[in-house]
Ligand SMILES: *[C@@H]1O[C@H](CO)[C@@H](O)[C@H](O)[C@H]1NC(C)=O
Ligand SMILES: *[C@@H]1O[C@H](CO)[C@@H](O)[C@H](O)[C@H]1NC(C)=O
Ligand SMILES: *[C@@H]1O[C@H](CO)[C@@H](O)[C@H](O)[C@H]1NC(C)=O
Ligand SMILES: *[C@@H]1O[C@H](CO)[C@@H](O)[C@H](O)[C@H]1NC(C)=O
Ligand SMILES: *[C@@H]1O[C@H](CO)[C@@H](O)[C@H](O)[C@H]1NC(C)=O
């Protein structure tokens with residue numbers, strides 16, 4: 001452990017019992033950070049290549065299909081890649097792209113939509129992108145903002161969008177319907193919603209309230225969240241303290257299952273519990289208490305070591321109290337999130353645990369033919385959580401036995417769709433420790449992705465990370481490639497800045513789940 005302070009080992013009680021308004025008091029020492037200009041230049045070049053392809057063949061539609069040089073309106077046709085790219089173009093100080101995006105934002109027609117609208121996706125990509133753009137353009141990157149009319153439009157468009165989305169919360173319980181339609185705004189009528197899609201709104205909607213002075217947005221999201229903070233019925237909904245089920249009935253507010261983990265469908269609910277405390281420790285202290293419970297239970301009940309590589313740590317999923325030895329690229333954000341919480345709560349054990357998870361996600365990259373990690377993977381637990389060779393803990397299938405022996409996991413779904421989570425955890429590991437090996441891991445991953453996924457006019461999702469050439473292109477460049485992957489690849493090698501995470505928690509920003517930096521409430525006034 002690089003980080004040392006007065007607290008050693010577990011400190012659940014002191015974290016839970018901290019006075020609501022106290023916030024972090026002790027500080028972790030700040031390491032010396034290194035910047036690598038030749039690496040940041042290469043990442044900026046990858047951004048430019050992706051942006052140019054998008055701007056030429058897809059703008060102002062949502063996503064580039066880089067091989068067919070056409071577009072997809074998979075995010076309602078408002079220019080998802082442009083809005084998602086804004087905060088990355090800003091931190092890279094790519095003035096031309098910034099001006100192109102700002103000019104676009106004032107023209108978006110948020111009253112009409114292509115297709116059904118996902119409240120969750122619209123919130124994290126569009127609302128998050130707009131609010132982050134506004135926070136950066138009125139803060140450390142204000143030199144890139146030239147026109148007050150256009151700047152004001154960034155915030156007013158965010159408010160306009162949220163005003164149209166508000167209908168989603170018009171349910172008997174206040175738990176939002178994730179599916180909406182526009183012209184006029186109306187609910188699609190879903191009966192259920194999941195904890196990720198309910199619990200990953202509160203940062204953006206609260207920030208919108210704090211920026212506009214209109215409390216209604218934050219109140220709506222916090223009301224939906226309240227059912228996740230006190231999950232009912234207890235016996236079904238919360239198999240381990242703080243670790244909860246996935247789906248709720250929108251009409252009753254009751255959970256429908258007790259299955260979950262740090263995986264897709266659940267993931268960013270846990271992420272935002274600690275990030276809301278970071279955003280404002282006064283209002284969101286109880287969210288932090290729930291996060292601490294979830295992390296303590298994860299260390300105790302979900303930390304699993306593959307029988308072939310017991311030095312690795314993956315977090316199991318669960319169905320009730322039964323562990324399931326399967327995880328995802330998506331879940332690899334957990335490492336960075338636990339490190340971040342460890343910094344704020346002064347819990348060296350959390351940081352060490354998060355670094356262990358980071359190293360294990362690194363193994364999912366370095367073990368494949370492309371040196372990129374798979375979408376879904378499995379392993380056989382070493383027998384500590386469930387006895388080896390029992391029906392819930394079988395050996396690797398014969399065809400994967402050799403791979404499992406070598407790697408410590410086997411591949412269930414080998415595609416890579418330009419996801420960020422492993423690089424995200426390298427970023428937090430680096431910022432927490434200053435250990436340059438994490439910069440090297442990120443650079444290695446950049447070279448692998450840059451080589452394997454470069455296709456046509458941009459970058460594409462691939463079919464098989466364990467085929468040397470990636471096994472085929474899906475002809476699709478997700479908007480989060482701009483928002484997240486390129487930003488983490490860049491920031492981990494870049495100069496220090498006000499929005500960079502700091503080991504002593506002195507940064508002014510907290511990143512939403514789409515890697516859009518939002519200004520902390522305490523730094524806003
Ligand atoms: C600022 O942008 C608005 C909207 O695009 C435009 O009408 C106006 O002329 C611009 N002002 C300046 C000073 O460039
Ligand atoms: C949700 O609860 C309502 C009211 O009890 C019930 O009518 C409906 O069938 C439930 N839906 C699901 C999917 O459980
Ligand atoms: C991290 O991994 C090391 C090596 O396997 C192990 O000794 C240590 O206990 C782990 N730390 C935590 C907090 O799990
Ligand atoms: C589990 O089964 C494999 C064969 O499939 C065997 O090699 C191994 O020894 C068994 N492990 C235990 C602990 O029984
Ligand atoms: C990244 O890929 C592009 C496109 O193939 C290539 O031109 C560039 O040299 C690569 N960058 C590095 C650092 O390998």
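The backbone N, Cα and C atoms fix where each Cβ goes, and this holds for glycine too.
Keep in mind that TrEMBL annotations are predicted by a computer and have not been checked by a curator.
For 121 (among others), the entry in TrEMBL reads active site, proton donor. Here the Cβ of residue 121 (active site, proton donor) has 19 other Cβ atoms within 10 Å, regardless of which shown protein chain they belong to.
The DSSP secondary structure for residue 267 (active site) is helix. Annotated active site per TrEMBL: 267 (among others), in sequence order.
If you look up TrEMBL, you'll see 375 (among others) marked as active site, proton donor. Shown in sequence order, 328, 329, 413, 414, 415, 416, 417, 419 are the residues of the chain, 6+ apart in sequence, with a C-beta less than 8 angstroms from the C-beta of residue 375 (active site, proton donor).
Sequence annotations record features per position, and here TrEMBL assigns active site to 421 (among others). Non-local contacts of residue 421 (active site) by the CB criterion (under 8 A, 6+ apart in sequence, same chain) comprise 329, 330, 331, 332, 333, 336, 361.
In the three-state DSSP classification, residue 513 (Ca(2+) binding site) falls within coil. Per TrEMBL, the feature Ca(2+) binding site maps to 513.
Its Cβ taken as reference, residue 332 (disulfide bond) is surrounded by 29 other Cβ atoms within 10 Å in the chains shown. As annotated by TrEMBL, disulfide bond applies to 332-361.
Look at TrEMBL and you will find 1-22 tagged as signal peptide.
Looking at residue 513 (Ca(2+) binding site) and residue 267 (active site), their Cα atoms lie 10 Å from each other. Following the DSSP three-state reduction, the secondary structure of residue 375 (active site, proton donor) is coil.
Between the C-alpha atoms of residue 267 (active site) and residue 121 (active site, proton donor), the distance comes to 14 Å. In the three-state DSSP reading, residue 332 (disulfide bond) counts as helix. A sphere of 10 angstroms centred on the C-beta of residue 267 (active site) encloses 25 other C-beta atoms.
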